[in-house]
């Protein structure tokens, strides 16, 4: 019997924790990742894991592991080797380091501790955790689906070590932590992790002396227990006498896992009647007293329960910390697959299969579904089948699992019996069954043995009871039981009515659609799934039974608020007829006979809070069958546009995965009534834009308006947008503002706009950073196509939300700027070093050039962004900010993090008045495209007097990390490196080209460096010493890898030394790598190229023309305000400017709003000739400040560059103030 049980546990991959009997598949992996790593079978799987961790595409699959290892530096391999541990095969591996000291989500590493390198290695299944707000106590524990007004912030993401951190509002440490979430999402996994981490000395040792873990399903088997017996059950090994344990109740933590599973009512008894700790009492009374604080009021508790069960579970829970488990991130989903199939040679094939089906990848955010999918793939391998999964729902995946595991149809009768057992258990809230329970139900001994062997059932080793492998699996079998019963019912609708009554009695009408059993039931009533059931059970189901049962379950939900659970049920069902009938009956239509414009406060704009990829998928799937005409996915800092009713606004505060974007856009291929889509404020990767444009090109897509404001789009995305414009005739309005498209990107858009099939009538984009040539192309397009209106306002490249006086979120410098500017094509433009804010550019002052110190005086509350540095501040009032450029080498070498973290952005020393800055964006150069790097690996390092502090950013965007309510010191972004991966991190890089003319010979210097403003500035200053001038050319489009080598080549015979460039990070104070290129005669031009040395693919090229080569500009002289005798450049050359400026109107457009008022602007324009306009302009300039004349000079340089260059050469300098 023992041997059989051991074999059964091996086959079913049962993971157990001490006395815990409940199997959670998130602990179930096939083998430990590092077992026999040197064997040839493991090499391919280890390579697969590297590819999963880095998000490498399948094109890298033929790279030998040995070659990858050789390319990692010695230090990385040493760290990797030390950090790997051989784990029990039942544990799920998720490598990472957890610092020893935590304080409000920060880790402090003092200089003395840094030498010791006290890193604690953990192997946790990493889950997404959302700390939820609970302002009014626990009277509203369940998240509602519909919101009549704009919802408040939904909380913030935390990690396992933050569960007992003080409340941000009260600063009190919580005594009660509720771990909530959907079925199978990983609540029990998290609870076990807390216990195991405490056992291993990694978490909460300073707070708790004793931690007790209890499975409530097991506790429910006990009739009575004393407090002493309860404590004894919670310890694997007795550690101290009970009296000693109870002497310090504030040091105790009780973990109650699955407190909602048993059918008990936890009632707190009268404190005056409390019995002695050694006296037995009913278990539900004992637990109720613990929760009600009648006994051990100072003790802490952690509960796990499904979200829908919380409200009725305990009437009053005081002020708990509520943490919702959101499942796996996309990164962890892929990682799980690799670790499950650690030794299989087909690991890469499996990954490509799963990655190619984004719906499956989205479903796998639920850890239980991850296990289910991997089990199905494993069964297919064992049976020699071609690996193929086309399941679109969890129900379909469960049926696939059943068909792969049930050995033939001879067990169909016993399988029906097992379904009846499951349904009876669900109705009675029982998950453990005795041997007699199974026999009474009619299960034979051989059938029980078979179900144990294939893993559907499992035996509890600490008792004689049995359970299903997972509660969700029991609920699936229960759902099949209801269909089997209804198909056998001989009394017409009585079976349907009885089923619905049973479900309502068990779950309640309000939570009916949240119950997994009901979702499975709706999924089984799909035509395809019913055929699969017929094959499994060798029977036929009457189709009228299906239709009647569907309508009985759905009932009349249309008069009630829409439930997110109902969307889940409809998604599981997938029947178009039912979806259309149900969704068209929702009260989403406008109040009048005609469609009307709706603001966000109108009742016909519905709001729904979604937290996970799965929720986003099911909601957008169902919306395509409804009356909804406008859909907004609200991102951070998004401007509110008017939506056409009926409309829906989806609120989400957690990142959206690549797979989820693909699913969402796939749903848009046939939109029926949906005409407007607003994705503003949501970062879109290159692949996401590609999926979006693919959907928009489909004939069934009816979208007419698309808002993509501040989505992190680059010129690389514009090829897809242009192709979409050429093929999609319905799209009439496209908003691309606050995206860094550049000249190349806009030129690609112009190609799409020229296509006769393009029906676009309104295009909004920023033109402030575009060249005059591109702006001319846009104007020519408007002239050629009178129906096309290209709208532009000047504004910063990024925006962030600020709060107005009503506490509502608004977008700084967007709508207000549009009104101020009159929506002109050209707006005033400052230099790249300026900070762009609500009232225009704000100049940056040089405090000490040698020490790289600068100052900016922000004049009012709002959002300010500097394109040159990438810094972004949100301030509540006027404030002066000092900014210093620092070098990481000054600070990082004194900490142990130089081996575990890599520099991910520039280091700034920022000083500002405390409380004036509510948010700061710190730039980073790590590429987040394609989901290759997990954003949870980012930290912001603060270097303070007492040591270094690592802070977790509030969020990480494609180009910057956001800190809210920051404190300032030397600070910058770091990225935690994954052990054994080393420096294989994709980064955004730039090329810098400098030249020097000597007679007819030209010398070029070519650099390839990370996109770091401090490095760029250091190179600029070094090259200037030798009179080299920089040429601006576009950077590489694709992300590159640190440590990679590239071949420098040219279209002409030139001398290049060296001929290879390595992309590496060097501190700004160190010498940077470059190639020197000697050209005798440039002729008509020269083409420079960089080619990947390993894969020989072209990664960058640039054409250098003779027109790019101009004499070096003399350094601009500083002109302080107390030196009036020094004339400004525009005053020195007044006569020449009046005579030679040939195009005054563009010049006036640039000065309008900054230098010229509306009245001055019109007065100058009213003059007849250009010379008269210039004379009028100079007459008004007598009252201008030096700053105004600086703006005049900048405008002249933009509109008449050749004239300004000629004047500079003749005068030998220019007097403006930097």
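Cβ atoms here come from the backbone N, Cα and C positions, even for glycine.
Taken from Swiss-Prot, the feature region 'Disordered' applies to 1-44 (among others).
Swiss-Prot lists 1-29 (among others) with the feature compositional bias 'Polar residues'.
Annotation comment: Swiss-Prot describes 71-91 (among others) as region 'Disordered'.
Residues annotated as domain 'NACHT' in Swiss-Prot, with sequence analysis given as evidence: 175-484.
According to Swiss-Prot, the repeat 'LRR 1' annotation covers 343-364, on the basis of sequence analysis. The average pLDDT computed over the repeat 'LRR 1' (343-364) stands at 69.
Residues or ranges marked as repeat 'LRR 2' by Swiss-Prot on the basis of sequence analysis: 673-693. Counting residues of the repeat 'LRR 2' (673-693) by DSSP class, helix then strand then coil, yields 8 helix, 3 strand, 10 coil.
Remark: secondary structure over the repeat 'LRR 3' (730-750) totals 9 helix, 4 strand, 8 coil, with classes taken from DSSP. For 730-750, the entry in Swiss-Prot reads repeat 'LRR 3', with the evidence type sequence analysis.
Residues annotated as region 'Disordered' in Swiss-Prot: 799-842 (among others).
Residues or ranges marked as compositional bias 'Polar residues' by Swiss-Prot: 799-815 (among others).
The annotation region 'ZU5' is assigned in Swiss-Prot to 835-968 on the grounds of similarity to another entry.
Per Swiss-Prot, region 'UPA' is recorded for 969-1118.
Residues annotated as domain 'CARD' in Swiss-Prot, with sequence analysis given as evidence: 1122-1211.
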* **Long-range environment of the repeat 'LRR 3' (730-750) - Cβ separation under 8 angstroms, sequence gap at least 6** => 680, 696, 701-719, 721-722, 724, 759-766, 769-771, 773-774, 777-778, 781, 792-793, 795-799, 814, 1034
* Asked: the repeat 'LRR 2' (673-693): which same-chain residues, six or more beyond its ends, come within Cβ distance under 8 Å?
  -> 623-624, 626-639, 641, 643-644, 647, 656, 658, 661-662, 665-666, 702-714, 716-717, 720-721, 723-724, 735, 928-931, 957-958
* Asked: Per DSSP, what is the residue count of the region 'UPA' (969-1118) in each of helix, strand and coil?
  -> 16 helix, 67 strand, 67 coil
